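Here is what TrEMBL says about this protein:
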type	residues	note
DOMAIN	21-310	domain 'Glycosyl hydrolase family 59 catalytic'
ACT_SITE	Glu159	active site, proton donor/acceptor
ACT_SITE	Glu235	active site, nucleophile
DOMAIN	318-433	domain 'Glycosyl hydrolase family 59 central'
DOMAIN	470-644	domain 'Glycosyl hydrolase family 59 C-terminal lectin'
Amino acid sequence: MVVAGNLCFSCWTNISPIYPAMSKTKATSRLLVNYPEPYRSEILDYLFKPNFGASLHILKVEIGGDGQTTDGTEPSHMHYALDENYFRGYEWWLMKEAKKRNPNITLIGLPWSFPGWLGKGFNWPYVNLQLTAYYIVTWIVGSKHYHDLDIDYIGIWNERAFDINYIKVLRRMLNHQGLQHVKIIASDNLWEPISASMLLDPELLKVIDVIGAHYPGTLTVKDARLTKKKLWSSEDFSTVNGDMGAGCWGRILNQNYVNGYMTSTIAWNLVASYYQQLPYGRCGLMTAQEPWSGHYVVEAPIWVSAHTTQFTQPGWYYLKTVGHLERGGSYVALTDGLGNLTVIVETMSYKHSKCIRPLLPYFNVSHQFATFDLKGSFSQIQELQVWYTKLGKPSERFLFKQLDSLWLLDSSGSFTLELQEDELFTLTTLTSGRKGSFPPPPKSQRFPSVYEDNFNIDYPFFSEAPNFADQTGVFEYYVNMEDPGDHRFTLRQVLNQRPITWAADAFNTISVIGDYSWSNLTIKCDVYIETPEKGGVFIAGRVNKGGILIRSARGIFFWIFANGTYRVTGDLAGWIIYSLGHADVTAKKWYTLTLTLNGRFSSGKLNGKTLWKNISVNFPENGWAAIGTHSFEFAQFDNFRVEASH
């Protein structure tokens, strides 16, 4: 028999508790906003509603910076130096929906990219420290002023260099604006060099409240512990949300504290609401990538989260008696200091709990018995609720199932668990746990084979058109005040300079849409080049890459340019030229482009007249439809239509 630990009330540590949470970040909720009701609200309930599903304690969002951040771009609240708009994108909406369900949820903002004007010609956000700090503070102030959202923590620059003086400037500016309550987390990268820098600089040590590391593999470093600051795994998980992802999540939620004293673990990403063929498809706590059908899947990581989130809260404390089980697995225990107790035990196997990173050293888990003794005032506990998850074969699989209570009346506070591999137990004094559910959502369907959008919306609720996923640049609804005719309402690419990038953004702007399996299709769109001489736009089909790989995207791209030429290329970058020639095109005039792809052949029309035809294209065989511009330039699109046969 394995004695797993004596849980003693006098042994709780004054450390802020685990906040298993999520980091929405990186354009991963793009398709969620387009879901019809009631399905959109159901998805949000599974994520945020207390004692229902994942019941998340933290929501961490990207501060949109106009650049590619893994699966798309998110718009900045300040595209240009004198521009401020706090209704772009969907992050404020998402935070409000989270707060609506859980007013106590903690909110974190973190930038990935920054608008280009902050760099003064350099791809660097620290050229003018005051200006960048001002930009971040406006986002925090705007969140409160326009949306009544209090941001609790702010980050520096995701997985990129930090600047010590910038962190100090940011703290001073926050204080000057009356935002003393907003805490700073740094550096959302590795434990070093931020920890050593803090130990060498008393002012830096004072202004940073939390050290956040990404994918720490459940381990911290000595310098981080010496700072005596809260230690968080501020981005983790990032694994396909089947049983392997659930096992990864269950293991690190416990072991990030057991091994590394991390009191918060934040999953990237919240919900897989982006086209699955983009990088890291289905690496969310649940899947909601079909707004056109309403279909979604409540994946196992939702219920693994619930084992911790439904039975602890921010402000609870870890007991000192946490650790590893003798034959593999781990256990943690937490209390609210008022007599409540939650014990979480996991026995995730090596084979079924590998996260996407870092490499997991081999370990063994086998059948065992674990005995727990409740001491001190915990010995008075008479009953513990039991919640159980078993991952693995469908016949043996249970997700967040409530078992019979454990009665401790005659046991002197002692109980024994029989443990197999790939199990998760929560034993708790709290009786509020619940496995929430809704009627099954609609069945999965492919993206409509005929799809059109004329962008005729007077007061759009979201700034971006449904289902378009911007991969470089930002495409927004636009109203032509001086055009009372057919093109009063359009979709406009609004960036006129390259952002300070986080990833390898393309040198052209592009937004993709549709079904990745599309092969034979006709795309038709009205286009308007705004830049004389140098401007250009395209429509495309069979686009085969997106996200951080967008720069190397292949496909069939039909371009027209303001200098009176056209091109047909096999890639976004324009290296593979199939055809080029003269076209009767100029800036500031509307044209209709039509691209037809049928088997190995393609053809294109300008204003209904064939411009080129029967060009042979062998690769790629399928992909998304797309629109875009030649450079970071203003251009407009209208009356988009695609007709496809798979």
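Positions of Cβ are set from backbone N, Cα and C atoms, glycine also.
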State the Cα to Cα distance, in Å, between Glu235 (active site, nucleophile) and Glu159 (active site, proton donor/acceptor), rounded to an integer.
10
I want to check the contact list for the residue listed as 'active site, proton donor/acceptor': same chain, sequence separation of six or more, C-beta distance under 8 angstroms. What comes out?
Asp188, Asn189, His214, Trp502
Measure the Cβ-based neighbour count of Glu235 (active site, nucleophile), defined as the other Cβ atoms within 10 Å of its Cβ.
26
In the domain 'Glycosyl hydrolase family 59 central' (318-433), how many residues does DSSP assign to helix, to strand and to coil?
8 helix, 54 strand, 54 coil
In the predicted model, what is the mean pLDDT computed over the domain 'Glycosyl hydrolase family 59 central' (318-433)?
96
